[in-house]
């Protein structure tokens with residue numbers, strides 16, 4: 001999508017894969033770790049979610065700011081997929097092999113991040129038993145992911161700087177934890193990674209397929225909306 | 001008012017109407033959805049409002065940043081009205097037909113957003129029974145809306161960038177949830193949309209007329225204050 | 001101090017006085033109003049202070065951003081005093097008569113803001129009975145005010161933009177509510193205004209003199225520290 | 001590392017030492033002071049940590065913004081050490097004598113800050129009895145410090161402006177309070193300073209050695225990761 005495109009083309013694919021692995025790992029470590037801390041320290045479930053949401057919003061923004069110059073900081077297979085699709089025509093997007101490598105790095109990173117968070121809190125790494133899939137959360141994941149992908153496309157299309165995009169994406173997820181009934185996973189890699197912790201932020205394997213399905217639908221909705229809303233807009237950096 | 005005026009003039013009116021519909025829908029989905037989540041997860045009413053306020057402040061800022069290049073991101077009939085009035089002389093404001101279309105899109109979007117939030121939480125769409133109109137909340141809505149409209153006029157007049165305006169408007173609403181007894185609706189379309197949920201953020205129909213009346217008065221106060229405070233100031237971008 | 005100095009010199013003194021009155025009034029309305037809301041809605045005193053602090057941090061940042069182009073957005077007699085002292089040599093500071101008008105506008109505004117907040121919450125305007133002066137809060141007000149004045153001098157001296165200064169000052173006060181035992185009044189006008197509400201944010205008249213005394217000492221400390229730290233630094237805008 | 005390098009070279013070493021002393025003192029005063037306030041005002045331990053984290057995130061960001069033009073605002077021996085190591089080749093880093101002076105100023109400042117916070121809250125200055133060292137917190141401090149040092153190296157290497165870096169570092173620490181089991185000390189000077197308060201934020205002397213050891217390991221990990229991720233990236237200011 002060309003977050004810092006000139007820099008990105010200079011980064012070798014293996015370096016970008018490391019950045020995607022590390023960024024997604026730290027993102028999941030933040031989500032899972034702050035969830036464990038919240039669960040242990042607070043009793044009110046809303047307060048637990050608030051603590052989890054604030055930590056995630058701040059941490060995600062920082063990770064994007066740090067790693068966007070290396071790999072564009074996708075950390076999310078549907079974002080990488082949208083990048084590959086939108087950048088096909090003018091060859092600025094991920095190629096098919098690069099897409100595969102990005103997604104593998106993201107899923108591996110997400111899983112490692114959950115294990116790391118468990119270890120930091122001396123919690124066992126175990127398969128989550130938290131069932132989350134319902135018709136309401138299915139709809140919520142479509143909305144959450146659609147909003148996220150539309151946001152990323154719109155901000156890159158209108159030429160926003162990396163610090164602005166980083167803050168906006170973090171803020172969006174912070175809000176989406178609250179305005180969706182699914183607490184906004186909005187990311188297939190993170191969804192898979194969160195299988196590996198039976199704590200506040202975990203998700204039972206049986207809920208993963210419907211969640212990921214909804215996320216892909218949401219990304220498709222976002223691509224459609226973006227073509228309606230932003231087709232006539234050209235990037236004007238620093239506007 | 002000329003948030004990104006050059007871009008806006010390039011956007012067809014139908015595209016701007018879609019942006020206003022979508023933006024207002026998502027704004028109300030954030031307000032109502034986070035209210036439902038807060039109500040279900042927390043017991044302390046202040047904590048519920050804090051969760052609602054943080055989600056709204058973050059989400060509103062992101063929506064303005066995303067959609068300002070398309071439609072100026074009013075999402076609010078009194079903002080569109082102020083834009084039409086202030087831009088009459090130099091023909092940069094909304095024309096009367098465009099104003100009508102903006103307001104229709106905003107009200108339709110707000111209503112759709114409440115229905116969407118209900119659906120995401122498997123809550124029935126029902127007419128709110130929360131009466132909110134009192135002399136104190138009438139005054140509060142004047143102050144809340146007056147502050148909002150003055151802020152938008154002042155920031156555009158002094159040439160602030162879209163990211164700065166977006167963050168400031170979100171922050172203002174986050175504060176205004178707290179410093180007004182009405183929790184700062186400050187928006188006739190959002191007020192109408194919030195009729196359609198009998199949850200934390202709902203408002204009974206009988207309270208809507210006084211709330212909207214106070215909001216119009218507040219906007220008028222803001223126009224008067226702006227002419228006193230900002231008449232000698234010219235936009236200096238990036239100042 | 002030259003926040004937007006070229007603009008300021010174009011603003012007539014009466015317009016700057018209105019901006020100082022309005023800004024200080026809204027600042028106190030935010031502090032007092034959010035305090036009343038917090039007190040009514042939450043039971044945990046820490047949660048009340050958190051709600052109060054978040055509303056104040058967001059609201060103060062917005063007010064500075066809005067009104068700095070008109071009056072430099074002091075809203076605080078010790079900030080105006082520091083401006084007059086530091087700008088004496090090169091004639092960029094407030095003159096003595098302007099300083100007097102600024103301080104009068106700030107105190108009148110602060111008092112009006114407390115009355116407005118009371119009215120928005122249907123709370124009686126009454127003299128506060130909350131005694132706050134102790135040796136510990138005396139020290140705390142020195143630190144809080146010293147930090148605030150040093151921050152404003154340092155940021156203007158190093159040429160930070162108005163949006164950066166606005167966010168930083170709001171953030172500072174949000175932190176200072178917590179790291180000082182006095183909850184960081186740090187402003188003689190606001191201290192006087194908060195006499196007129198017998199609610200969460202009020203202060204008994206007998207505590208005002210020691211608080212204001214500590215604030216003046218803090219400002220003096222800041223002037224000394226600033227001359228040590230920033231004497232060799234020249235403004236480089238946007239650095 | 002060259003935060004504002006041209007300015008820094010103009011600042012005499014004694015002035016930079018004062019800035020490091022003052023900044024580290026105020027940082028610890030914020031951490032300890034807000035911890036005392038949180039402990040006294042709230043009952044839920046998670047809410048206490050949230051209050052502590054928000055105050056620290058906001059306050060740290062402001063301190064970096066204020067003092068970076070004077071001393072680069074390290075406030076942290078491992079950051080100064082990384083600066084000395086990375087800047088050896090092109091002679092932009094701290095020299096060995098300057099490094100020693102920085103570290104002394106930071107440790108002295110941190111200790112003074114704890115004493116100041118105690119005094120502001122009329123709490124006795126006493127050696128902390130809070131044991132914190134466990135295998136889990138040892139790992140957590142490696143992660144917390146590694147993330148911090150990698151962030152600072154990455155943001156300076158990619159040419160981010162001081163306001164962006166300041167906000168990012170504050171946000172990172174705000175998140176790291178939550179996603180690590182150690183609540184992210186991530187700073188040997190601050191760790192030592194926090195010995196001198198037997199309150200919420202204190203640390204027993206026996207836990208200091210393992211914490212500092214983990215922090216040094218974390219910094220080494222960050223240097224390794226940075227050389228992999230950012231070796232091909234050159235600073236492009238304002239990108």
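Placement of Cβ uses the backbone N, Cα and C atoms for every residue, glycine included.
The transmembrane segment annotation in TrEMBL covers D:17-37 (among others). Outside the transmembrane segment (D:17-37), and at least 6 residues removed from its termini, the chain residues within Cβ reach (under 8 Å) are 11, 48, 51-52, 55-56, 59-60, 63-64, 66-67, 70-71, 73-76, 101-102, 104-114, 116-118, 120-121, 123, 189-190, 193-194, 197, 199-202.
Within the chain carrying the transmembrane segment (D:49-68), a Cβ under 8 angstroms from the stretch's Cβ atoms is held by residues 3-4, 19, 22-23, 26-27, 30-31, 33-35, 37-38, 41-42, 75, 162-163, 165-167, 169-171, 173-174, 177-178, 183, 200-201, all 6 or more beyond its ends. Here TrEMBL flags D:49-68 (among others) as transmembrane segment.
Feature annotation from TrEMBL assigns transmembrane segment to D:98-121 (among others).
Positions annotated as transmembrane segment by TrEMBL: D:133-155 (among others).
Counting only same-chain residues 6+ beyond the ends of the transmembrane segment (D:162-180), those with a CB under 8 A from a CB of the stretch are 3-4, 49, 52-54, 56-62, 64-65, 68-69, 73, 137, 140-141, 143-144, 147-148, 151-152, 155-156, 186. Marked as transmembrane segment by TrEMBL: D:162-180 (among others).
Summarising the annotation, TrEMBL assigns transmembrane segment to D:200-230 (among others). Counting residues 6+ beyond its ends, the transmembrane segment (D:200-230) has Cβ neighbours under 8 Å at 31-32, 35-36, 38-39, 48, 52, 78, 81-82, 85-86, 127-133, 137-150, 153-154, 157-158, 182, 185-188, 191-192, 194 in the same chain.
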